[in-house]
Amino acid sequence: MEAVRANLGAFEVKICGWVQYLNLFGVAIGYTIASSISMMAIKRSNCFHASRGKNPCHMNSNPYMIGFGIAEIIFSQIPDFDQLWWLSIVAAVMSFTYSTIGLGLGIAKVAENGKIRGSLTGISVGTVTQTQKIWRSFQALGDMAFAYSYSLILIEIQDTLKAPPSESKTMSKATLLSVGVTTLFYMLCGCMGYAAFGDLSPGNLLTGFGFYNPFWLLDIANAAIVIHLVGAYQVYCQPLFAFIEKSAAKRFPDSEFITKDIKIPIPGFRPYNLNLFRLVWRTIFVMLTTLISMLLPFFNDIVGLLGAIGFWPLTVYFPVEMYISQNKIAKWSTRWLCLQILSIACLIITIAAAAGSIAGVILDLKSYTPFSTAY
């Protein structure tokens, strides 16, 4: 928002704020759903192994979402959570762990089958209807957009870097490297997963139980996902937490409930600063995201919708407009036209992805009973 304010104007700042904070709220819901699915996958894979595949091992997702929510309530009270530099290293290690395991299992499954399943045109019409295939293709665009949603907190990440060299130069190199590595891994996992299962590909490669063995390896991969998302939830929520807390302090500067810190001594450590407003507001926020996750536990549809909502405005429109403003690019010049065509093309993709994801949620709701989703 500060970058948009410096380069564009007050109206754009309001639009940016609404989209960014809505998306951060949505990401918290998406991460709660994803974590609970991975926790259940660990339990189910052990259950399958113990029963040798005879027990279908159905279970309710609610206890796992509640457990994740309790953990996030505790972590949300850690002051300066966004400054814990080691968190990024843990997240990177976890990402490489589960991505590598997913890729390895996909390659092994293709080798076991002795052939590549699926086709270049995707799922066969017959397995799904032509209309369903179109909606799913649109939803997939949203899933891909969500995979690159780090632009939401790119400036926050840049703010934690040490200088010299300048933060922007370091961030440019880090972005180029990370996008390259991420794209390589996603392409390999996506292609090998589809080649392994074809039309029967699960929505989530590590939790859809296309793979049953080695069960311990699946457990490691899903544990890595949970550890990654516990930290990622907090990192993504920090800008939203900070915004609400600063706004409240600005509006009610004389309220001790909002501004006063209570020092709690901890033997061997610095005193912990307990802020009652932070305790209450962050707890309510986590409870709300957990409740919505329990009401709408549709992983692929929700992820696709979140990706669609945040992709065009935050990853394309505002950065393009700020670039034009900073570099004083003349209207109707070749560069200006190319940038506008890029922006419009991404807007069309975003609208298609949102439509596909909403259609998926509507379809899921037809056969859904609140708070009773079993896997």
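Don't overthink the numbers, they just go from 1 along the chain as shown.
In case you wondered, yes, glycine gets a Cβ from its N, Cα and C as well.
As given in TrEMBL:
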DOMAIN    2-362  domain 'Amino acid transporter transmembrane'
TRANSMEM  20-42  transmembrane segment
TRANSMEM  84-108  transmembrane segment
TRANSMEM  174-195  transmembrane segment
TRANSMEM  215-236  transmembrane segment
TRANSMEM  279-299  transmembrane segment
TRANSMEM  305-324  transmembrane segment
TRANSMEM  336-363  transmembrane segment
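In summary, the transmembrane segment (84-108) lies against the transmembrane segment (215-236): three or more C-beta pairs, each 6 or more positions apart in sequence, are under 8 Å. Only residues 6 or more beyond the boundaries of the transmembrane segment (279-299), in the same chain, are considered here, and those with a CB under 8 A from a CB of the stretch are 25, 28-30, 32-34, 36-37, 61-62, 65-66, 68-69, 72-73, 76-77, 203-204, 237, 240-241, 244-245, 248, 360-361, 364, 370-371, 373.
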